[in-house]
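Copied over from Swiss-Prot, here are the features:
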- 16-36: transmembrane segment (TRANSMEM)
- 82-102: transmembrane segment (TRANSMEM)
- 115-135: transmembrane segment (TRANSMEM)
- 150-170: transmembrane segment (TRANSMEM)
- 187-207: transmembrane segment (TRANSMEM)
- 238-258: transmembrane segment (TRANSMEM)
- 266-286: transmembrane segment (TRANSMEM)
- 303-323: transmembrane segment (TRANSMEM)
Amino acid sequence: MFGSSEIVTKHCVSEIFHAVIILLVVVACGAYMSFLERRLLALFQNRYGPNRVGWHGSLQLCADLIKVMFKEDWIPPFSDRIVFVLAPVIAFISSLMSILIIPFTPTWIIWDCNIGILFFLMMSGLTVYSVLLAGWASNNKYALIGAVRAAAQTLSYEVFLGLSIMGVVAKSGSFNLKIIVEDQLYLWNVIPQFVGFITFFLAGMALCHRHPFDQPESEQELADGYHIEYSGIKFSLFFISGYINMIVIASFIVTLFFGGWQGPWFPPMILFITKTFLLLIVFILIRAALPRPRYDQVMLIGWKICLPMTLFNLLSTAVVILL
């Protein structure tokens, strides 16, 4: 009896250790993505970028952290104080929650959830509340317009995100991400589900508010949108949560369409990290290469292009499975 309790205790400690390590690494990577993006954009635009702190600017994150810590943590007197403080915390926590169900390797997974896809869709929908609360609590017209834009964009593209995943779910027969990865042992889903991959990629960028879908934060129109009244640590929480969302979307693309940890020659964790890193590079290069469309064009892309594509993909997948 005591032996079994010791085994359970050791297993719980091991699982908690894995969870803490994964979450800390993801937060650190989310913070470091700012430096990586600035360096890559500088390389793309034929300039130097941040290169003064550390070797080739590698310690720029430390300099940014010191700057943020010593900034005034100001709360506007005309804002709703409780909601204003709560919004970035909700954004940060909701961005981390989706990490719980991602299978990095066959053994490195925090929560092996049988309804992992539904949990991911629920967490992605939760981010709308943080944005709306931030825009409303700021009591600023630009923040409110940005929040309304973000809510409409997120709710619209969540439809296409969910429909693009349904083809993969129908093919593998499960909502469990680990089973979906194991189903891609001989053929990655990106080949039979290429249309679903394209729509998931576009919808994922829209949910992250990544360029060219960053209308809620467009500096030229809204002076940074719902971020406008935030500074210091609270702004950093929004900033890091945006990059964590980008890492989450890249990880889900790898899991759903590129075989997850599976591949030749290298250990599973190295393969997963490499695939995710390459997708993050693609996200950054898209920001460097493409202009920002108008807000009405963003909604048109969703409802008139992505929606028919996802419905066609789901229908064709169902026909192939039935035949």
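Cβ from N, Cα, C; glycine included.
Keep in mind that this is a model prediction, so the values were computed, not measured.
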Quiz item: Among 82-102, 187-207, 238-258, which stretch has the highest count of C-beta pairs below 8 Å with the transmembrane segment (115-135)?
Solution: 82-102
Quiz item: Under 8 Å, at least 3 Cβ pairs, sequence separation 6 or more: does that hold for the transmembrane segment (82-102) versus the transmembrane segment (238-258)?
Solution: yes
Quiz item: Of the listed stretches (150-170, 238-258, 303-323), which one yields the highest count of Cβ-Cβ distances below 8 Å with the transmembrane segment (187-207)?
Solution: 150-170
Quiz prompt | In contact by Cβ distance (the transmembrane segment (303-323), the transmembrane segment (266-286); 3 or more pairs under 8 Å) | solution = no
Quiz item: Do any residues of this chain, six or more beyond the ends of the transmembrane segment (303-323), have a C-beta under 8 angstroms from a C-beta of it, and if so which?
Solution: 156-157, 159-160, 163-164, 166-167, 170-171, 192-193, 195-196, 198-199, 202-203
Exercise. State the non-local partners of the transmembrane segment (238-258) in its own chain: residues 6+ outside its ends, Cβ under 8 Å from one of its Cβ atoms.
Key: 26-27, 29-31, 33-34, 88, 91-92, 94-96, 98-99, 102-103, 120, 127, 134, 165, 168, 177, 180-181, 188-190, 193, 196-197, 200-201, 204-205, 207-210, 227, 230, 272, 275-276, 279-280, 283
